[in-house]
Each structure stands twice: as C-alpha cells, then as structure tokens.
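Residues or ranges marked as transmembrane segment by TrEMBL: 41-63, 69-87, 128-151, 157-178, 190-209.
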Amino acid sequence: MAGNIDLCIRVSEDKSEQEHGHICIQDEEFDYSQRGQWLRAAVLGATDGLVSVASLMMGVGAVKEDVRAMILTGFAGLVAGACSMAIGEFVSVSSQRDIEVAQMKRDKKISGNEEESEKEALPNPIQAAAASALAFMLGAIMPLLAAAFIMDHKVRLGVVVATVSLGLVVFGWIGAVLGGSRVVKSCFRILVGGWMAMAITFGLTKWIGSTGL
C-alpha cells in the first residue's frame, strides 16, 4: 500500500517536471520567434530592394537600350534606397527606444529595481539601421548583377525578370517559414506583387516616353 502511494507521488512529480520542462521549451520557442521577427524584417528589406531596384531598371529599359543607363539607374536606386531604409529604421527604432526608456523611468519610480534587467532588452537603433540597409542592398544587387554583363537589350530585360522572380520565390519561402504561413501562398503573393510592380513601372515609363515628355 505504501509502495503504491510512493509510486503515485513519483508519477505526480514526473508530470510536474514534464510540465515544467514543457514550459521551458515554450519559453525558448518564444525567444526564437522574437529573433525571427528581426530575420523576417531583414527578408522584407531584401524584398523591397529587389523589387524597387528591378522596377527602376525595367522603367529605364522601357525607353533606353543602353546597358550603362540601366546599371547606373539601378545603382542609384540601391544607394538611395539603402540610405532611406537605414535612416527610416534609425528614426523609428530611436523613437521606440525613447518610449521604452520613458516607461522604464516611470516604472523605476514605483519599483526602483528593474532598470538593469530591462536595459538589455532595449532596441539598438544603429544595429537596426545597419541591418535594414544591408538587407536592402542584398536584394538590390541581384538585378544589377544579372544585367551587368548582357549586351542584348531584350535578353537583358528577360534575365532581370527571371532573376527577380527567383529571388522573390526564395524570399517568399523564407518569410513563410519564419512567419509560420503557407509557403505556396506566400511565394505566389510576393511573386505576383513583384511582377505587378515591374509591369506597371515598365508600362507607365514606356507610355510617358512615347509621348515625348
């Protein structure tokens, strides 16, 4: 009888340990998802660089067959976009940091002992700005490299579209994995969006160029 009681106690303790271990696993998964948000933001930045620079290049390619003009336009878009991403992210994260610091000061007046632990969790504006700029440049460099060594105008446009399509599928897949969404739906959505951006830019620029403006 006593042995049965001991056995029940051990089983109960094991269950509590299992539940405790399960809670620890959930905490670790939560930390991973927090890190995944940064990775997902980097994927979005790379996608932005890929689509925006490729669209610029397609727009110039609609009215000019010169490879030099297309590459220079793409490079200007890369630099301008990376700077814009970095500045925007720096301002945004700095504002968020100021809000969190102000909240910490208000909390300190009440508790007075949480400042050191919360300082470690404050966002870093410089790190966020650098990550956004690098991500944008990573995406933007793909259509530039694809078009740099192709002299034939029509082939160059086709290669840019093919390269962008492949890049969008890869970024869509990564974003779906990090976000826990459906891969096919994510890839299709981002691919169609990229095609629309390039087609609209190409078409409008071609139309404006044909009017002689």
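Cβ from N, Cα, C; glycine included.
Given the structure is predicted, the values throughout are model-derived calculations rather than measurements.
Proximity of distant same-chain residues to the transmembrane segment (157-178), defined by a Cβ-Cβ separation under 8 Å and at least 6 residues beyond the stretch ends, is recorded for 36, 39-40, 43-44, 46-47, 50-51, 54, 57-58, 61, 139, 142-143, 146-147, 150, 185-191, 194-195, 198. Beyond the ends of the transmembrane segment (41-63), by six or more residues, the same chain brings 69-71, 73-74, 76-78, 81-82, 85, 131-132, 134-144, 147, 153, 156-157, 160-161, 163-164, 167-168, 171-172, 174-175, 178, 190, 193-194, 197-198, 200-206, 209 to within a C-beta distance below 8 angstroms of the stretch. Among residues of the same chain six or more beyond the transmembrane segment (69-87), those with a C-beta under 8 A of the stretch's C-beta atoms are 45, 48-49, 52-54, 56-57, 59-61, 129-130, 132-137, 140-141, 143-144, 147-148, 156.
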